Amino acid sequence: MSKTSWISTTSNHKNGNENCNEKPHLHFKERVKIIAGSACYLGYLPLMPGTFGALPGILLYYILWKFLPPEFLWMGLFVSVFLIALLNYYLTPWATKYWKSKDPSQFILDEIIGFLCVPLFYGTHDFATTALWGFILFRVLDVIKIFPASYVDKNVPGSTGIIFDDVISAGYAALCLALLDYFQFI
């Protein structure tokens, strides 16, 4: 991504160049939507925005793991996924228009949801193991999209398709974690 495309989302300065890619002045509400949908601009990183977009999920998982009693961790993860999914459903119509794409790479709430589903589905909560291996497995499986994630990604429109290919990949990642744990590889 070029510097001007980064500037276009963070600045309203025209520079006197009418041919530049900068967007006109953005209203406060629109800036908040950009910040929320791109996970504080992580979605604008030129390389692997989805991978970097899942990082806030690790941070949120750590906070929940650190401060919630173990018996409430699952509920904390569930509520977090639910609330971020609601935000995703609310922002998707705007995001698809704003970024002119069915599944914009800048819009990465689905990556946060997907990562948080790994410990939610896996259930064993050694933070370091789950965060490291869960993150790696989730990102690899999200990129290759094993069926039915590939079907959902291509055929289910809107927020549901944007979210559920990641949720399916998280399910596969949790299954892989469980198998690695069962065979004592981790």
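Every residue gets a Cβ built from N, Cα and C, even glycine.
Positions annotated as domain 'YutG/PgpA' by TrEMBL: 37-180. Taken from TrEMBL, the feature transmembrane segment covers 41-65, 71-91, 112-141, 161-183.
Taken residue by residue, the domain 'YutG/PgpA' (37-180) breaks down under DSSP into 113 helix, 0 strand, 31 coil. Here the transmembrane segment (41-65) has Cβ contacts under 8 Å with residues 1, 5-6, 9-10, 34-35, 73, 76-77, 80, 104-108, 111-116, 119, 125, 127, 130-131, 135, 138-139, 142-143 of the same chain, all six or more residues outside its ends.
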